[in-house]
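Straight from TrEMBL, the features:
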- Leu71, Gly103: S-adenosyl-L-methionine binding site (BINDING)
Amino acid sequence: MRLVLAAIAREAKREPLAEAASDYLKRAGGIAPQLGLKGPESRFIQPGKGSDPAREAEALRVSLKGKAVLLDERGEAMSSPEIAALIERERDQGTPELAFCIGGADGFDKAFRAEVQASGGRLLSFGRAVWPHALCRTMLAEQLYRSLAILTNHPYHRGG
């Protein structure tokens with residue numbers, strides 16, 4: 001199974017948070033093969049000018065090749081071990097790709113959220129607060145790394 005971090009955004013290579021996210025994805029990529037996983041791959045999706053959740057949803061739809069987990073303030077709050085279990089379960093069920101997606105400035109299109117949930121995808125929340133895009137991407141990259149560390153009993157995760 002391929003892991004993907006997909007974001008409705010333009011790539012910012014030299015910002016500190018972008019560098020931190022890249023570092024976590026690189027670390028996760030070093031662990032992934034031990035679990036029979038590929039990636040995590042980073043995808044930046046640019047659907048055009050202005051914020052239009054429906055247009056952004058269509059751009060994401062074209063990019064996705066499996067199940068999606070949408071970061072959304074209405075989503076389920078999950079612990080790191082729960083995210084790890086989700087990745088493991090999808091891998092074991094033969095899901096070809098699991099994409100963790102960050103929406104645009106106005107979030108995800110309501111119909112797209114419903115479509116993702118109807119097809120077995122999930123909504124994941126990092127709390128009820130709204131986070132800056134670059135920080136959210138870094139937090140998500142860290143959680144992907146932490147999840148893979150949990151699945152390989154790597155000492156990075158020390159939580160209970």
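Using N, Cα and C of the backbone, Cβ positions are placed for all residues, glycine too.
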DSSP three-state assignment for Gly103 (S-adenosyl-L-methionine binding site): coil
Per DSSP, three-state class assigned to Leu71 (S-adenosyl-L-methionine binding site): strand
